[in-house]
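Annotated ATP binding site per Swiss-Prot: Lys11, Phe59, Arg87, Thr93, Arg104, Asn114, in sequence order, evidence recorded as sequence analysis. Summarising the annotation, Swiss-Prot assigns active site, pros-phosphohistidine intermediate to His117 and lists sequence analysis as the type of evidence.
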Amino acid sequence: MAIERTFSILKPDATKRNLTGAINALIEQAGLRIVAQKRIRMTRDQAETFYAVHKARPFFGELVDFMVSGPVVVQVLEGEGAVLKYRDVMGATDPSKAADGTIRKAHAQSIGENSVHGSDAPETAAIEIAQFFSGNEIVG
């Protein structure tokens, strides 16, 4: 498999409970490297742009409100097959269906407060990374 990058967000429910270190440990144990990371408070405009694909969905407003409710940690992860590997590490969106050992099984509180976001494809990852990081902020 090729070395690739993916984008990750540790959501407000995770940062509120000081889970950054615990989640980072699971990421690194899976063989992924954190090559960029910063803690930010997402603006409403950033959240609406980031989740624009869901704009017509009934949960869009609630999702945006949640993402601006507290700090998030945005990350760039790197490794072999990083997109799929991180999706495996995250686990199912519904924590009750997530496998043991996954981030969501261990830390998510609900489908909505599911602790993390990860890109769904390499192309999406590139777009998402560019929304939050400049090239010189990514140090591989």
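Cβ coordinates come from backbone N, Cα and C, glycine included.
Spacing of Phe59 (ATP binding site) relative to the residue listed as 'active site, pros-phosphohistidine intermediate' is 16 Å (Cα to Cα, whole number). DSSP classifies Lys11 (ATP binding site) as coil under the three-state reduction. Largest Cα-to-Cα span within the ATP-binding set Lys11, Phe59, Arg87, Thr93, Arg104, Asn114: 22 Å.
A strand conformation is recorded for the residue listed as 'active site, pros-phosphohistidine intermediate' in the three-state DSSP classification.
Rounded to the nearest whole angstrom, the C-alpha distance between Thr93 (ATP binding site) and His117 (active site, pros-phosphohistidine intermediate) is 9.
DSSP assigns Phe59 (ATP binding site) to coil, not to a helix or a strand.
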